[in-house]
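Visitor: Quick paste from TrEMBL:
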ACT_SITE  Cys361  active site, nucleophile
ACT_SITE  Cys364  active site
BINDING   Arg152, Thr154, Trp165, Ser219, His222, Arg254  FAD binding site
DISULFID  Cys56-Cys61  disulfide bond
DISULFID  Cys361-Cys364  disulfide bond
Amino acid sequence: LSGVLDDCLCDIESIDDFNTFKIFPKIQKLQERDYFRYYKVNLKRPCPFWADDGHCSIKDCHVEPCPESKIPVGIKAGSSNKYSKAANNSKELEDCEQANKLGAVNSTLSNQSKEAFIDWARYDDSQDHFCELDDERSPDAQYVDLLLNPERYTGYKGPSAWRVWNSIYEENCFKPRSVYRPLNPLAPSRGGSCLLVSVCHFSWTGLCLEKRVFYKLISGLHASINLHLCANYLLEETWGKPHWGPNVKEFTRRFDPAETKGEGPRRLKNLYFLYLIELRALSKVAPYFERAVVDLYTGNGHEDAESKALLLDIFRDTKSFHMHFDEKSMFAGDKKGAKSLKEEFRLHFKNISRIMDCVGCDKCRLWGKLQTQGLGTALKILFSEKEIQSLPENSPSKGFQLTRQEIVALVNAFGR
């Protein structure tokens, strides 16, 4: 791939250089730190749209939850308000569990701030969410070590996988009204194991910037997932020992122009577009984390300080990138129309996040939920610029807040 991406003034070569030499090595290190490697997720939520057709029985679909003993005490104790060592006492611990908030606050907070934090934890900010968040207090929610459950090809394919992507594209993606292309999951011309849906053989005429952006984000997310399946593919299994690695043939089948009727390069360009959107969100949310009141709390003070320093270093790099996507061009028409379109945009994306509970393979569901939530968090950030700019320096904010779940999803989705 080369050249300029549509709908922004950024070229692919600049993104490659910036990512390879500045961002990727640091984001990789950050993902290995305790705060970001443990993700709490409910993989047992029922599919809200159709009768569940059973979970994948392939052994590589299995997700191994983390034993309680392995979870760092600061993460396990609650998602947010650790104010002092005394917080490990049962009453404080109970408050922490109830608070279910951001991944930490330092010990200088007053009692008044503590109470406010717990009150705000109950505050329904669903209007800001682009994703359906898992209830972390559910008995079905478990911690998963993302490093021990990598995203890779599991063998999950066929009608169940097709149904998920078909529902996402046909029912939840914006496209010109004149185009209707029902996607038959069993159509032989598509190839039974290929999860890539091709619905992009149309002109963008009549489709506004916001709806083009929405489609590209979903396509980019899809391309990202498919790339990881191709890059970490089960090549052979000898004496019970699996060997995983890049499958060039599979990559070619999903992305080569000749194999995809010219669609492959466009899918890959949409991945770059997704990268730009999430990069922009990271640069915009930096002030939230730069405050002393926000800590990445695990209970290990030295590691927590290093994690925050590395995250702030990444933020400095994101700000130095000179070809960001300009989200101000979105929803910029008349106020009433812009507000209505933004809400439509949010609800469509929220629906897609709910569809991830219909994925039959647990490992695919885990990474689908995480990456969808990461993108949803990025969108929440981009549409909360004023709230982020007006954050108080030394106290929690009611106007804009992120849960630990959102923070972990944002960093790991961008890392993908």
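Even glycines carry a Cβ here, placed using N, Cα and C.
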Visitor: Comparing the recorded positions Cys61, Cys364, which residue's C-beta has the most other C-beta atoms within 10 angstroms in this structure?
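Guide: Most Cβ neighbours within 10 Å: Cys364.
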Visitor: Whole-number answer please: how many Å between the C-alpha atoms of Thr154 (FAD binding site) and Cys61 (disulfide bond)?
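Guide: Just about 6 Å between their Cα atoms.
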Visitor: Across the listed FAD-binding residues, Arg152, Thr154, Trp165, Ser219, His222, Arg254, what is the farthest Cα to Cα distance, given in whole Å?
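Guide: Farthest-apart Cα atoms in Arg152, Thr154, Trp165, Ser219, His222, Arg254 are separated by 21 Å.
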Visitor: Could you round the CA separation between Trp165 (FAD binding site) and Cys364 (active site) to a whole angstrom and send it over?
Guide: 13
Visitor: So of all those recorded positions, Arg152, His222, Arg254, Cys364, which one's Cα sits nearest to Cys61 (disulfide bond)?
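Guide: Spatially nearest to Cys61 (disulfide bond) by Cα position is Cys364.
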Visitor: Looking at the binding-site residues Arg152, Ser219, His222, Arg254, whose Cα is closest in space to that of Cys361 (active site, nucleophile)?
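Guide: Of all the candidates listed, Arg152 is nearest in space.
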Visitor: Look at each of the binding-site residues, Thr154, Ser219, and point out the one with the fewest other Cβ atoms around it within 10 Å.
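Guide: Lowest Cβ count within 10 Å among the binding-site residues (Thr154, Ser219) is Thr154.
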